[in-house]
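What follows is a single structure, written as structure tokens, with notes after it.
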């Protein structure tokens, strides 16, 4: 048996019986924790500052501050990268197209060079006779150059430029209709024409008598297509006779390809020679036309004959 100090329970408080039930039938009967309302507000959590409704408001998430310069720098780098990529793509496409075009051009150039070389070789083996429009047949020469663009040489002395210039070559009995290769371009009534014999030779006779009911003048237009060499100068001459003489209203006008080269007025009632010249154009034919025309309601008769057209 111990000999130590014995515990004394004389100073312990007496146990107070609890008034809480020892068993609970439902959860709402369990003891509830009541918040101490006597605590000062400074010890309350900020989230529970509003204790009137007991609601809980969570704090906003933490967001780090945004560096605007860094953000703009990043966006600028992205834009620059995009445009550089786009420019590089365009350059690549342009390079491909340019290369294709150069390839086609070089191919065409090679084909043209081959064709040109073939033409030169063929021309070197061709012998052609080349002469100027005004040169004689003895000027024909042999050359090894490219063929001339003129397929044939025009000799102004080989073929007469004008035919039936004296109106002697008449066929048939109808002298009014058959004056070939001359022809009537226009005939203004009551004018008419014929081929007559004068002093043992034939001549063209234009009769332009006014009846004062067909306008201020009558007219006969006589024409022929001349056989000329291109770009060659020719001299032309013929005889004319006005009846009556010295009529200031009587005109005989000479045209080459529609351009006036002579104007004869108030000529004598006798045979007079008229001389002129012209240069042909690039064609091998030239139109000669004569207009016989009295004006101001006047009448006049004209005779022409012995037409000559020669190259210089």
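Cβ coordinates come from backbone N, Cα and C, glycine included.
The feature region 'Disordered', as given by TrEMBL for the ranges 42-67, 68-93, sits at 42-67. Same-chain neighbours of the transmembrane segment (81-106): none, counting only residues six or more beyond its ends whose CB sits under 8 Å from a CB of the stretch.
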